[in-house]
Structure formats: C-alpha cells, structure tokens
Amino acid sequence: NNKCDLEFASSECQMRYQDCGEASNCTALIEECKTSLQEECDQASSESSSTTIRPE
C-alpha cells in the first residue's frame, strides 16, 4: 500500500479528476485528494499495530 508515496498520490488523484480539466477548482480538488491520501497514510503508520483501522 503506497498511498504514502507522493508520486502515487499525485497520479492517483490526477486520474480521479482527469475529466475535470484545467478549471481552477480541479487543482484544489487534486491537492485536497493528495492531502487526504497522505493523512490516511500517516494515521495508518502511526497505528502501526495490527488492528484494523476503521473509518470514524
């Protein structure tokens, strides 16, 4: 699981919003997407125990 990898997050988010085009809010959406992927990643690594992480 390489959500933590910034390049992976970037391409994942760009793929997710590829139909969005170059509109200014698309860039914001992509940035937000990258941030949330990285946050998920940080939470996962900080809870390095083997317990399943459940969404809040």
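Even glycines carry a Cβ here, placed using N, Cα and C.
Computed from a predicted structure; not experimentally measured.
The Cβ of Cys4 (disulfide bond) has 14 other Cβ atoms within 10 Å, all protein chains considered. Look at Cys4 (disulfide bond): DSSP puts it in coil. Annotated disulfide bond per Swiss-Prot: Cys4-Cys41 (among others), in sequence order.
Marked as disulfide bond by Swiss-Prot: Cys13-Cys33 (among others). Using a 10 Å Cβ-Cβ cutoff, Cys33 (disulfide bond) registers 17 neighbours. In the three-state DSSP scheme, Cys33 (disulfide bond) falls into the helix class.
Annotation comment: Swiss-Prot describes Cys20-Cys26 (among others) as disulfide bond. For Cys26 (disulfide bond), the same-chain residues 6+ apart in sequence whose C-beta sits under 8 angstroms from its C-beta are Tyr17, Cys20.
Annotated N-linked glycosylation site per Swiss-Prot: Asn25, in sequence order, evidence recorded as experimental evidence. Around Asn25 (N-linked glycosylation site), a 10 Å sphere centred on its CB holds 10 further CB atoms from the protein chains shown.
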Cβ neighbours of Cys20 (disulfide bond) where a neighbour is any other Cβ within 10 Å:
13
Cys33 (disulfide bond) and Cys41 (disulfide bond), Cα-Cα, nearest whole angstrom:
12
If you draw a 10 Å sphere on the Cβ of Cys13 (disulfide bond), how many other Cβ atoms land inside?
19
Neighbour tally for Cys41 (disulfide bond), based on other Cβ positions within 10 Å of its Cβ:
18
